[in-house]
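Enquirer: According to TrEMBL:
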- 9-125: domain 'Response regulatory' (DOMAIN)
- ASP58: 4-aspartylphosphate (MOD_RES)
Amino acid sequence: MANEPMTGCCLLVDDSSVIRKVARRVLSETIAEFAEASTGREALETCFARMPDVVLLDYDLPDMTALEVVTELRAMPGGDRPRIILCLYELDVTRIMRAKRAGANGYILKPFDRAYLTEQFSGILSA
């Protein structure tokens with residue numbers, strides 16, 4: 001089903017350019033603009049310059065933990081606004097609960113395909 005892209009920006013944060021490319025391609029039917037970051041620090045700098053509406057955040061970044069990114073992002077002016085969706089390789093309830101307490105809104109599991117990412121992303125955004 002072809003929907004009009006929503007207005008707003010999604011920040012894709014993953015050290016894998018392949019994951020960012022796949023997510024961008026899949027979500028381009030729903031999101032109007034994208035920004036990308038390969039590290040936690042780069043993600044925070046991007047958020048400081050322009051707060052996105054949605055952050056798709058890899059849990060395992062090379063320079064910071066996802067918990068640190070979420071905590072610092074939520075402390076920024078306007079940091080309460082974006083929906084933060086974690087990307088994990090395995091279902092780890094402890095990590096998910098810690099991230100939710102820090103301010104994450106939901107999670108998805110990698111690797112993902114078009115149907116899974118679209119379904120999970122839509123569910124989290126509508127919650």
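Using N, Cα and C of the backbone, Cβ positions are placed for all residues, glycine too.
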Enquirer: List the residues of the same chain that sit at least 6 positions away from ASP58 (4-aspartylphosphate) in sequence and have their Cβ under 8 Å from its Cβ, in sequence order, or write 'none'.
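Expert: In sequence order, the residues whose Cβ lies under 8 Å from that of ASP58 (4-aspartylphosphate) (at least 6 apart) are VAL13, ASP14, ASP15, SER16, ILE19, ALA66, LEU86, CYS87.
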Enquirer: Report the DSSP secondary-structure composition of the domain 'Response regulatory' (9-125) as helix, strand and coil residue counts.
Expert: 53 helix, 29 strand, 35 coil
